[in-house]
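Trainee: The structure under discussion is supplied below as structure tokens; questions concerning it will follow.
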Amino acid sequence: MESDATTSEPKASVGSDSSPAEQTVLATLRDSVAAPTRGFMSPVRSVVASPRPVKGKAARRRLQLPPVTQAETCDEEPVPAVPEDQEEAQPLPPIYASPMRGMWRSEKVALYCDQVLQGSKAEDAEEAMSRYLLEKLKAKDRWLGVWKSNPELFFEKYEEASIPFVGILVEVTCKPRQNLSSCFKVTVSVAEPFSSNIANIPRDLVDEVLGELEYSAPLLEVYPVDGQDADVRDIALALEVVRFFYDFLWRDWDDEENCENYTALIEERINLWCDIQDGTIPGPIAQRFKKTLEKYKNKRVELIEYQSNIKEDPSAAEAVECWKKYYEIVMLCGLLKMWEDLRLRVHGPFFPRILRRRKGKRDFGKTITHIVAKVMTTDMVKNLSSDTLLQQHNDLNLALDSCYSGDIVVIFPGEYQASNLALLTDDITIKGVGKREEIMITSEPSHDSFVVSKADNVKLMQLSLIQQGTVDGIVVVESGHLTLENCLLKCEGTGVCVLTGASLTITNSEITGAQGAGVELYPGSIAILEGNEIHHCNNLRTSDSSKSTLGGVNMKVLPAPKLKMTNNHIYNNNGYGVSILQPSEQFFIVAEAALNKGAASGDKKDDKMLSKVMQTLNVEMNNNRIEANLKGDIRIVTG
């Protein structure tokens, strides 16, 4: 593995009989593929590179005997049995628990930026990490650890899920080296009592593997055993610091790009990791980011291994395959950079979600009422006029796909899913028949968005919208106007987002469970809220106080949004009832009396809470009950 990881040049040369086109491809290949593989020349990074993907689907350990019948059904040779007198390995002792998850983000930033990197550039990061680790290793040259080795060293075939690593209790000997990078290799020997996470692994096999490796193992694969002295505990922490850096903070393209302030970039990635951990970034998109990052790492390893198997005079097919692998890496790299730049924020819609054109009205000018129900009866349409054009669907998605501007979609009780709710471009009305709790529309977890509108006038009436897994707001108004009337919104991500220039009317509805604010108004948006309940929002698990202020309604200003609130009940939110996000205090003016005019007693619970508001802020509040919110009722928040 390590020899593969240190390949420095792609093996692609041109034979004398190659065509000009092939020569061009291969020459381009040398220049372009060399760049993404330079990162693998580092002994540090090769140690912590992602393990090679398992080849094949067979799953049977070489030296653990399965039932003979199983081997026969698989048409494979029976494997030799482990001798009955073979001594079973003892269970592994506990290792030091990683302190990284327990650190506050400010502590992580101080550790990496101030203590370890100390202003280093990206190309000097490896040396800085090596120097930091070597300093800790000087305190103790012998200690016990668990070597978590690659199962491929011991097994021909195995289940990666059931055997993520082969753990062996070893005694570690650290010898000072002249080269900083070489300190990432240490001498190991089997410690007594013989211990492993695989009870029946033969000791002679372990000795054989260690002999082949010259009793040397990557230091970052060794985890110090708990219960040793303070020096070993410091070594364990240092190892976790280095592992965390290369697993989560380092990118292979870092030393290939000019970054004026590398520590600032590391701080951004620490914030990104913390936002994923504390739920600021919803789980589905965080999972997608992690999978893309892992795929990127694996593709780089695949490229290096493919290059190492190419002969001195590669064929055109090999060159093209090498180029394809490189192209995949470039695409994944670009995607990761884009996601990192956008910070994956649940608060900020950075791009249009709808790229579909409006249909407009039908050619013959008529509108259709779409009935969504498994079976349609005459009773369902008795209240409709005799000239109403009807179309029945048993699928809400098909009904929405059939709509033109002016159509009405009538939904009868049941449970529905419809990805087309995220593509509302025409002026339609979607309404339920019966109690809103009986018309349940759930989002599809595989989609980013649930309900997104950019039509001039869309109405949703008497519906329950239940968000499951989508990462966007439960309802996003990109442009135009959207009305929610007598609806129940059970959020899992953010609540209702009204983007710049869009407008929203919510009446007699209930919004609950949002990770951020229940209603989020972007600069220049308009919202009218009447007779609603907004509660139990801002369920972010975060230590960042700036994010914990969001609650019922959040307004982002410059230019100021317009908000009219009447007869709303905003309660039991983890942030403020109403928060107004300002960029800086230089725009504040004193207008406490204006904002409190006409407010109910709940709005004035603390007269000192609101002392300044935006000069151009257009807020009208009448007879609202804002109470029992964790942070308070109304607050200006400086961004």
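Every residue, even glycine, has its Cβ placed from backbone N, Cα and C.
The shown structure was predicted, so the numbers you read here are calculated from the model rather than taken from an experiment.
Pasting the feature list from Swiss-Prot:
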type	residues	note
COILED	285-312	coiled coil
COMPBIAS	54-63	compositional bias 'Basic residues'
MOD_RES	S3	O-acetylserine
MOD_RES	S8	phosphoserine
MOD_RES	S19	phosphoserine
MOD_RES	S50	phosphoserine
MOD_RES	K556	N6-acetyllysine
MOD_RES	K631	N6-acetyllysine
REPEAT	479-500	repeat 'PbH1 1'
REPEAT	501-523	repeat 'PbH1 2'
REPEAT	524-557	repeat 'PbH1 3'
Trainee: Hey, of the modified residues listed (K556, K631), which one tops the CB count within 10 A?
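Mentor: Neighbour-count leader: K556.
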Trainee: Whole-number Å distance between the CA of K631 (N6-acetyllysine) and the CA of K556 (N6-acetyllysine)?
Mentor: 18
Trainee: With DSSP helix as H/G/I and strand as E/B, how many residues of the repeat 'PbH1 2' (501-523) fall in helix, strand and coil?
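Mentor: Final tally across the stretch: 0 helix, 11 strand, 12 coil.
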